[in-house]
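Reading through the structure tokens given below for one structure.
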Amino acid sequence: MTLSSDVGDEVPTRKRKSPAGGGIMAAARAASEDRAPATDITVLLPRISTDPIDDLVEKVRPKLGKAVDALQVAALLESDGHTDRAARVEYGYTDVFALALEVYKRMGPPSPVVPDEPNPVVLTQGRKDALRTLAHGPLYVLPSAAFPAVLAMVGLRALVIGLVAAGTLGWVLSGTAAHAAYRMLGLGRDRSAARVLFWSAVAGPPLGLLLGVVVAFGWGGGPELVAMMTGQLAYQMASTLLVFYRRELWLALSMVPAFVLGALYLSLGGAGLRLASVAVTVLGVAAAYALGLMATTRRSGEQTRPEPPLLASLRPERRAIIGVTGYGLASAALLFHAQAPYLLGRLDVAVAAVPLILCMGLVEWRANRFWAETVALTRRVHRPAAFVAGVWRAIAREVLTCLAVPAVAALLLLICLELTGLLTAAGVLMTAAHVTLAGAYYLAFLLAGRARFGWLCATMTVAVALHLVPAAVLRAGPVLDTSLYLGSVLALLGLFAAGLVPVIGQARHYR
């Protein structure tokens, strides 16, 4: 009988001896051996590896699924506690990246992934989250129904300046507070996140009040303008808090009555409806603000671990917080600088941003979906080049979606303006620019997700300059001015895409 391993080793046969005793077991053993075939039998012994890398490969494979490149393996090894020293001492490689490259090579072709059965509960929750995010755009528009009533009280010029000033301050404050709160939440510091939001919301109305006093002294408007700007800051902070805690329904219920009365006043007019519209708007904003503050103070019944002081928690985040603040300021400048000159007398240009605002929830939803879809892509492709190509195809598809939906809303708006005799060429161009901004903001969300705030601020500043400098040199009229703005937004779209090139195709970000 010949035994051989799969590497060709032979074990020589030994001559069998007859049993010494007459025991039954010995006789049975001898009889069974006598019945064995006379020919040699080859038995393949399993290969037994003594290489620790093979053991590491088997540990990594079920966790990683389909690795697109060695960097993804390196990220997993580091998250599991493998250091450069461990790579040298335990495995004989210079560092974790060299070890990851060897593991990646030995993993071979990825095994097919069997998709999980869809969970009805997860699907239902996903639909609810999608609808909740899509509602963000209309929620941003609700307070605007009260503007006609406020306009009759403060005057057009003061209203426009107040809206732009308070809108910019609210944009910056709410964006910075939300980013800091989400960072605290990501670190498992729920109470720190709540404190950030609470104190930011408390600071909002007083800041609006001070800014309102400055605007009122400089451009008129009186106490009514100061109250409007204070309320605008209160609403922006209330919406930030309620969106953070997924209480969009509370926000809608607070403001829908104000929207209805504002629409009635716009349609029917009358001093009684004007006062009712303003009063209900004030009550709605106050209710939303109170509900937002209440959401930050609610505590779950679970025992929570101690958290460091808030300032100590925020100190490592100060660079990102400064970047987010600059991004908010640049975003407000990009949106407001082009529209502000037309808010006093060109209705078709003034309302050009409405399709964009209504569809910002869609843009946010598609940007949130991008990360999950890209993680799924890492499990479907085998090569880094295929992964990068798939990522860019997904981005192109989503940008087209974020352009198409606002374009439909813009077309409806332009038809209404044409039927009322208010549409001009400048209004069409400004509306097209804001539709293009929807695609640009989608890319901006992706850049913000990679913390590329410096690129965002720089490119937005360039876009503003590309509009303002030629317009000033050429002394552009409305048509040329809006054409230049459209061109600057198209350039911004390309600059945002260029900013994604170094970071968006790195598979290690999508574990």
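Including glycine, each Cβ sits where the backbone N, Cα and C put it.
Features reported for this protein in TrEMBL:
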- 1-23: region 'Disordered' (REGION)
- 160-185: transmembrane segment (TRANSMEM)
- 197-219: transmembrane segment (TRANSMEM)
- 225-244: transmembrane segment (TRANSMEM)
- 249-268: transmembrane segment (TRANSMEM)
- 274-295: transmembrane segment (TRANSMEM)
- 320-338: transmembrane segment (TRANSMEM)
- 344-363: transmembrane segment (TRANSMEM)
- 399-420: transmembrane segment (TRANSMEM)
- 426-446: transmembrane segment (TRANSMEM)
- 453-473: transmembrane segment (TRANSMEM)
- 485-505: transmembrane segment (TRANSMEM)
Legend entry - Contact set, same chain, for the transmembrane segment (344-363): CB under 8 Å, 6 or more residues outside the stretch: 133-141, 156-157, 160, 335, 401-402, 405-407, 409-410, 413, 417, 422-424, 426-427, 430-431, 433-435, 437-438, 441-442, 445, 478, 482
Legend entry - Range from 160-185, 225-244, 274-295, 320-338, 426-446 with the greatest count of C-beta pairs under 8 A to the transmembrane segment (197-219): 225-244
Legend entry - Interface check, the transmembrane segment (160-185) with the transmembrane segment (274-295), three or more C-beta pairs under 8 A: no
Inset, instruction - Please give the sequence-distant neighbours of the transmembrane segment (274-295): residues at least 6 beyond its ends with Cβ less than 8 Å from one of its Cβ atoms. - result: 143, 145-146, 148-150, 152-153, 197-198, 201-202, 205, 231, 234-235, 237-242, 244-245, 247, 250-251, 254-255, 257-258, 261-262, 264-265
Legend entry - Close approaches to the transmembrane segment (225-244) from elsewhere in its chain (Cβ under 8 angstroms; 6 or more beyond its ends): 136, 139-140, 143, 150, 154, 158-159, 162-163, 165-167, 169-171, 173-174, 177-178, 181-182, 193, 197, 200-201, 204-205, 207-209, 211-213, 215-216, 250-251, 254-255, 281-282, 285-286, 288-289, 291-293, 295-296
